[in-house]
Each structure stands twice: as C-alpha cells, then as structure tokens.
Amino acid sequence: MKKFSIGVLGAGTWGMALARMLTVSGNDVQVWSAIEAEVDNLSTTRVHPNLPGMVIPQELRFTKSIEEVCTGKDVLLFAVPSVFVRSTAAKARPYIRSGQIIVDVAKGIEPDTLYTMTEILADELSHENGPRAVRLVALSGPTHAEEVALDLPTTIVSASPDLEAAEVVQEVFSNTCMRVYTNTDIKGVELSGAMKNVIALGVGISTGLGYGDNARAALITRGIAEIARLGVAMGCNVQTFAGLAGIGDLIVTATSMHSRNNRAGILIGKGESPEQAVKEVGMVVEGINALPAAMELAEKYHVEMPIAQTVNAIVKEGMSASDALRNLMSRDRKSEMPQGYESV
Ligand SMILES: NC(=O)c1ccc[n+]([C@@H]2O[C@H](COP(=O)([O-])OP(=O)(O)OC[C@H]3O[C@@H](n4cnc5c(N)ncnc54)[C@H](O)[C@@H]3O)[C@@H](O)[C@H]2O)c1
C-alpha cells in the first residue's frame, strides 16, 4: 500500500488519536500545535493528557512551525476545534500549495457566515496569496478519539464532491481497525456533524433531569428528523442523515460518556449553569458553540427544529430545563415532516 506524507494541524484528542493511527499504518506524520508548550509536552512524554492509555510512537514527529507542517505533505488534516479553523487556515495559507488534499475533522458551523468547516477553509484559502484548487474533504462519523486511540473498530465517512479526493482519503485512513466509506454529499455530512452535538446536549439534559431510555430514544429519533429536515431544505441528500455521519454519529454522541456534549448536558440537566458545565467538562463543547448557527439556519430555511430550539432556550436563554422539556412535550401538534417520517 502506498504510504503518505501527512501534516496534522491541532494536537487535541482527535488530532493525536488520528496522528498515532496514521503513523502506525506506516505513514510519515508530523503534528503542529498553536500551543508551543503542548508540542514540548507531547514530544517528550509521548502521552496525551486526555488519552492516557495511548502511547505516541517515536516515529511521529512534532513541530512548532506551521510552515514546516504544511510543506511537502500529500495530505493536511485540520483537527483544531471549530472556533480555530478560520484562524489556523489563515496562518497556514501561505504554505499550502495548489492540489494538496485538505481534510477537515472539526465539527461545527460558523456563526454569521453559516459556513461549514470546509466552506471556511475554501473561503480563507482563496484569499489573494492563497493556493488555487485545493481539494477539500470532510471526514466525519461515529468516532470517539478514546476508542480510535486503542485501535477499537471504527467507521467513518470521507465526503467530498471531488470523489477522487474522497477516495484518496479513504485509502489513507483505511486499516484493519478503521473502515472508511465515501459520500459526495459533503454539506449533509458536515451539517450532521455539527447539529448532532446540539441534539446530544439535549439528550444529556434529559438524562440529567432523570428521564429514561424512552426519552433518549425519542430525542435521538426526532433529533435526526429535524436535522434531516434542515438538510433537505438546504439541498442535501436525505439518505446522508440515515448513514454513519448522520444517525450513526448522533447515536454515538448521545449515548456515550466519552461525549462532552452528552456530559455537559447531564450537568446542565442536574442544575449546573452552562458555564459551570463547560468548565467541568474541561474541553471544547461543540454543541454549545453550534447553537447560534443552528438557530440562524432554522430561521433562514424556515424549518422547525423544536429540540434544538429547546436546547437553545435552556443554554442561551436561561430557561429551566424541566420547564423547557415540558414545553417540548406539550407544544402545538402540527404536521412537521415531509413523507417518510411520522407526523404529529
Ligand atoms: N475528540 C473526538 O473524539 C472527536 C471525534 C470527531 C471529531 N472531533 C472534532 O474534532 C475537533 C477537535 O476536537 P478535539 O477533541 O481534538 O478537541 P480538543 O479540545 O482536544 O482540542 C484542543 C486542541 O486545540 C488546539 N488549540 C487550542 N487553542 C488553539 C488555537 N488558538 N489555535 C489553534 N489550535 C488551538 C490545541 O492543539 C489543543 O490541544 C472538534 O471540532 C471536534 O468536534 C472530535
């Protein structure tokens, strides 16, 4: 199998779990972080503080230079949290060359522009001194870093309208523990990845309130229905939402204690403020970051998203979780969904 030269931007849990996996598969991998102390720490201890069971192979190289991590690589992996994708792309822009494959694994929607992560990359890299014709791919699915770090079986979707690029990424990331599927509906894949975090936050809140499996199943099922409804209004393929990057990712996020969105939701459901909950979880909670964009998209595309709106009322407007969920259950009945989904 052909081996690739890969630059990873971001040394959080996901960037490092993937960097280790790609190194073990025989690729030449270099990781950059915006935080210099993080590079020093990871390169000397060979352990990530949030992935304690994972050993970082000696062959995996680190750099503090964004120029070095971008130069001469077949593939660049953007693995910073969504709020840093634009600033990281702006720093990397002078060193990215035309034709390079750029993979994004961050999940989110930019407030104001309402861009997906690859749309931010396309926008930022198209500035005057930027490269021409980079090949953008979104890699998304039901994947917890904690499990990939231990080589547990995982599936993921390589999405791009440029199917050839998606297939190269499929080849790069495939191994006996990781099975990679392709999809040309990049927008549907990215929208799912961002919006499922909002629904998972709601599932966590429900659990924190002491509600049971019936409520969890309802929120997951009706949650994917409202994500699909938004996606279809935005021109995505409805089948994407029934796949790994859609319902698959929502299930893993809404049912696992590895998920920060689920964990933060549980704390909020138990009565902590959103600020306290984020502090306690201690890492980025993408579902909270995605809420403003979710509300703007629902309004722009005239789509009802009652679960997302309920989560927003709790997290952003300070409504009590129990009142908000009671309102959700007793809201007006009306036909909400196009064919194929149940009406209320
Ligand atoms: N963790 C997972 O299991 C997982 C799985 C799939 C997708 N994702 C997505 O990947 C993205 C990253 O997640 P994560 O779990 O690695 O997050 P994380 O909280 O572990 O990432 C923190 C890292 O972000 C980087 N960073 C911090 N400040 C920065 C700055 N100013 N500029 C640039 N980089 C900076 C640093 O390398 C830091 O270690 C998120 O969008 C997340 O939704 C995560």
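Heads up, residue numbers simply count up from 1 along the chain you see.
Cβ atoms are placed via backbone N, Cα and C, with glycine included.
No curator has checked TrEMBL annotations; they are predicted automatically.
For the NADPH site, TrEMBL gives Thr13, Trp14, Lys107, Arg260, Val284, Glu286; the one candidate out of Ala145, Ala225, Ala321 that the record lists there too is Ala145.
Record check: TrEMBL places Lys107, Gly141, Thr143, Lys196, Ser259, Arg260, Asn261 at the sn-glycerol 3-phosphate site, and the matching candidate among Asp151, Asp249 is Asp249.
Neighbours of Glu286 (NADPH binding site) among the binding-site residues Gly141, Thr143, Asp249, Asn261, defined as a Cα within 10 Å of its Cα, are Asn261. In this structure, the binding-site residues that sit close to ligand 1, with a C-beta under 6 angstroms from any of its atoms, are Trp14, Val284, Glu286, chosen from Trp14, Arg260, Val284, Glu286. Around Gly141 (sn-glycerol 3-phosphate binding site), the C-beta neighbours below 8 angstroms that are at least 6 residues distant in the chain are Thr154, Thr155, Ile156, Val157, Tyr181, Leu244, Ala245, Gly248, Asp249. In sequence order, Gly12, Pro81, Met283 are the residues of the same chain, not among Thr13, Trp14, Lys107, Ala145, Arg260, Val284, Glu286, whose CB sits within 8 A of the CB centroid for the NADPH site. Listed in sequence order, the residues of the same chain lying 6 or more apart from Thr143 (sn-glycerol 3-phosphate binding site) and placing their CB within less than 8 Å of its CB are Trp14, Thr154, Thr155, Ile156, Asp249, Val252. Distance noted between the C-alpha atoms of Lys196 (sn-glycerol 3-phosphate binding site) and Thr13 (NADPH binding site) is 19 Å.
Overall, the recorded sn-glycerol 3-phosphate-binding residues Lys107, Gly141, Thr143, Lys196, Asp249, Ser259, Arg260, Asn261 cover a maximum inter-Cα distance of 16 Å.
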